[in-house]
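Engineer: After the structure tokens below, expect a handful of questions from me.
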Amino acid sequence: MRLIILVISILISNAGSLLRSLEDDSNECMFNCPKRARNVSVPHTEKTCMGDDAIIAQILDGYNKLDLPGGGHVVVSIEIWVQEVSKIIEITSEFELDIYVTERWTDPSLAYSHLNPCKSNMSVDGATILNKIWNPHACFVNSKLANIHESPFKNIFLQIYSNGSIWHNYRIKLTGPCSSTLRTFPIDQQRCMLFYESFTHNTDQVKMEWITTVPPITILKGNITLPDYVLVDFSSSSELRLYPPGIFNELIATFTFQRLYGFYILQVYVPAYISVFISWVSFTLGAEQIPSRTTVGVNSLLALTFQFGAVVNNLPKTSDVKAIDVWILSSMAFIFASLIELAVVGYLSRDGQHGSIKCRCSWLCMNCKDWTALKIDQMSSIVFPVSFLAFNIWYWFIFLGKLLVRTI
């Protein structure tokens with residue numbers, strides 16, 4: 001009996017010790033278990049992906065930028081985005097624009113899909129990495145000035161895909177040449193062309209071509225309008241260009257600008273009309289108002305001359321006879337003719353109102369009436385407007401029409 005009681009007491013004592021131990025462990029776990037949990041390492045069964053810096057370091061290790069990708073005959077696709085055309089300078093026949101140029105090619109040596117990359121493409125510092133890899137060294141060979149934008153940093157974007165495809169884009173401000181005959185000025189067009197080609201690789205090494213999956217030239221603004229011009233057409237083409245080092249692919253971007261001639265209609269043509277019309281007023285003043293008629297005619301001629309000079313000063317020096325030259329000179333001729341008519345009337349009116357021009361028509365076997373100053377004024381008030389109307393029909397419908405057809 002005593003033995004049973006002793007065993008029970010031992011069990012009760014051990015149970016109390018066990019409960020106190022569990023309580024102590026619970027209190028300790030309340031503060032220390034998180035630390036222990038952090039120290040526990042869970043086995044990672046998946047392979048960790050490789051970051052961009054590690055990939056760049058590995059693919060450039062032993063890379064030679066002088067070697068042609070794939071052994072040669074690299075295909076480089078070109079795309080142009082036109083951001084803005086800032087101005088067209090007629091005196092120097094050039095235009096200034098901001099564009100994005102995109103170059104795409106494939107370099108198998110830069111493929112990194114086997115390196116378990118974290119993403120299928122990576123954007124890198126174009127200004128730095130581009131100098132370490134092969135690139136086509138292409139440029140606008142006919143540009144007068146070209147600068148890559150550097151605000152707030154150099155605007156060069158370079159993206160490398162896991163299969164080795166390269167996407168190179170940069171934003172550039174350049175000045176290129178334009179051509180125009182000016183024969184139809186002010187209803188003329190400016191045709192501006194940019195030639196893009198590889199500067200160091202001929203067709204045996206690199207094939208330059210326009211991109212085919214999307215339009216090769218895109219106007220980002222939708223339409224481009226300048227104070228004097230509006231962009232009416234743009235196109236892309238290519239041709240082979242022969243140089244001493246070989247044959248090169250040349251990509252051509254053509255931009256056609258139509259002049260907005262509303263300014264010249266208001267500032268040149270309308271004043272010319274008014275000057276010619278004013279010169280006709282002298283026909284109604286009579287032979288007695290010779291000084292007044294002279295003032296009207298001379299002032300009209302001087303006003304037209306100064307107006308013409310202001311327009312010519314803003315145009316390039318060219319030997320072509322422009323449409324506006326024909327208009328201004330013809331208008332001057334009409335005003336000058338009115339002054340000649342005034343001189344005849346003044347001559348007839350020197351001896352009074354009975355002065356006249358004797359006609360001798362014996363060779364026609366008919367009688368001629370004498371031409372008095374009044375009759376000459378009356379005839380001039382009809383002949384001059386009719387002649388000017390005929391000139392306008394010829395100028396606007398025949399002369400300009402033929403010039404426009406010839407220059408298209």
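Don't overthink the numbers, they just go from 1 along the chain as shown.
A Cβ is built for glycine as well, from the same backbone N, Cα and C atoms used for every other residue.
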Engineer: Does the record from Swiss-Prot show Q289 and V321 on the same side of the membrane?
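Structural biologist: In Swiss-Prot, Q289 is across the membrane from V321.
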Engineer: Disulfide partner of C178 per Swiss-Prot: which of C139, C192?
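Structural biologist: Here Swiss-Prot pairs C178 in a disulfide with C192.
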Engineer: Please count the residues of the topological domain 'Extracellular' (317-325) that DSSP assigns to helix (H, G, I), strand (E, B) and coil.
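Structural biologist: The topological domain 'Extracellular' (317-325) comes out at 3 helix, 0 strand, 6 coil.
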Engineer: Counting by DSSP secondary structure, give me helix, strand and coil numbers for the topological domain 'Cytoplasmic' (284-295).
Structural biologist: 7 helix, 0 strand, 5 coil
Engineer: Give the distance between the Cα atoms of C192 (disulfide bond) and N163 (N-linked glycosylation site), rounded to the nearest whole Å.
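Structural biologist: So the Cα of N163 (N-linked glycosylation site) lies 38 Å away from that of C192 (disulfide bond).
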Engineer: Restricting to the same chain and to sequence separations of six or more, state which residues have a Cβ under 8 Å from that of N223 (N-linked glycosylation site).
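Structural biologist: Result: V230, L231.
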Engineer: Taking residues 6+ outside the topological domain 'Cytoplasmic' (284-295), which of them lie with a CB under 8 Å of any CB in it?
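Structural biologist: Distant Cβ neighbours of the topological domain 'Cytoplasmic' (284-295) are 339, 342, 345-346, 348-349, 353, 373-374, 377, 381.
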Engineer: Please indicate, using numbers and ranges, the residues of the same chain that are 6 or more beyond the topological domain 'Extracellular' (317-325) and have a C-beta under 8 Å from a C-beta there.
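Structural biologist: Sequence-distant neighbours of the topological domain 'Extracellular' (317-325): 181-187, 264, 268, 311, 399-400, 403.
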